[in-house]
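Features of the protein shown, as given by Swiss-Prot:
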| type | residues | note |
| --- | --- | --- |
| DOMAIN | 283-448 | domain 'Helicase ATP-binding' |
| BINDING | 296, 297, 298, 299, 300, 301, 302, 303 | ATP binding site |
| MOTIF | 397-400 | motif 'DEAH box' |
| DOMAIN | 482-628 | domain 'Helicase C-terminal' |
């Protein structure tokens, strides 16, 4: 039997595993023997040696032995059993908050005890609370572990000891089988066999470097981390290659439409925009679907890039669909494209949840017959009732939360007569390069790394909420004297939407009393979409001076006259989200300000994070720092398809390995396609997300 087949060996083949234990193991993702072997320890304890009490250090785990000096029960609100031991070098106190008479009687003065636990500082001597212990009888030798003791992530009702016993059985089975090494030597830079790596990591020898293990730096760990990242990358490459097996209509400009459109604009595209448009045009002339991600910082001009991509399809007599995450943003896009495209007789339709009844039916008919060449909307565009006449390009805006699976579904939606639409995905949330190389390995990536001229930098200040009165006066000055508009953003992270709405309403009431001369609007997540839309449009049309809002405005309308933003409890938000919010101002040519208001005292980490935002306007620098501080799951806003399942690797810790992995993956999938399939099966277990590719 080879390890490739171990995923077919049921857990019930192990002694002691019945239905109840199987169900508990399933809760932690263990369904077969291979899962069990890949369920590696999260840390280790050294129970292989006795440490003298005099040499103990607080906040670390040790095995000690000593003779009982005293055994006392302190009766208070809850009784505590305290046992002092001495080994001749010093003393230590063992404390038990849950105990019975049998335990108390076993600690007779003069008895020898072996104990293991975390050492804490005590008033008179070090202490261990609730240690694991053993009474050593009649000078019997003390039995110590031969390897480091693994600690696994587990679930209720599944003890560490049970997991260790099951792993011991799996390792014993591993010794009996011939394991075919899937990875060719030239693709294994760490030179550990899989068998050696698994054995060492489940049962490390006592002389191993614990520090290396804790940091994920041991060659045995690196071997598995490398292979897992390689498998994920191969799976994404497979999606990419799979896409190239599909047919798409090559789109060349048929007329001078692009030149005529550019001539109507009051500005010139930046060099970065021209470069990205060129990337897109090179993709669109191919006979397989484009899958391109365009990253551009807030205000970098992604909409113009989308317009030029759309015109290529429209010039070929085809349809374009643009999907935005909110109705507000979708309507803004629809209005922009109508304004830009009207001189050329191009019809732009829009479809969202609020378009109902006869209007909806009329819009659906236009889409079906091709009367509209471009359709803008929310995810409503991809409901079953929507039929496109001849869809050749799908543009997804602000959808970095889309996983591979959704991208594949969109491809299927636009299929017609064996041809599939090209896809352009745009995000204003800069994704750290290492993350993009992993999460978006199935996409080609372009970056708009230049802001249009005339954009003024935003001055960011970090202020304690104790200075709230000053800030309110600053808002008054901006709105009354400078005739500008302002945002006041309330945040209640990890609270319910109800509480967040109540907090926003309370702040709106306070500001309405403090600033009676201003027209103040309110937007929060509990409002109906139409109510939110109406308030946002009033703000856009300058009927409101100040908008009190929750983070629903992170992706929102373009209001060039808004030049001041106050963000309450800024320390509670991630850096990338703060950067997105800040991007709502600084859209005109007036100097703009963002005030990050925090609740004191501010911890060191929060201080450091807010300083990053104060000192940098570069979304890519900010996203790298955000990744360091919060990790990949948080930065992406959701556990990404294909990333959430990492068992051994850690994207933050192991990010330096990713470029090497990507290099190996490209070579391996060409030279050894069968090996690539085996690796994907081993680590991803043929997950559904890749089966359509």
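Here the Cβ of each residue, glycine as well, is placed from N, Cα and C on the backbone.
For the domain 'Helicase ATP-binding' (283-448), the mean pLDDT of the prediction comes to 85. Under 8 Å, Cβ to Cβ, and six or more positions away along its own chain, residue 299 (ATP binding site) finds 451, 452, 455, 583, 586, 587.
When Cβ neighbours within 10 Å are tallied across all protein chains shown, the highest count among the binding-site residues 300, 303 belongs to 300. The most densely surrounded of the binding-site residues 296, 301, judged by C-beta neighbours within 10 angstroms, is 296. Other Cβ atoms within 10 Å of the Cβ of residue 297 (ATP binding site) number 24 in total over all chains.
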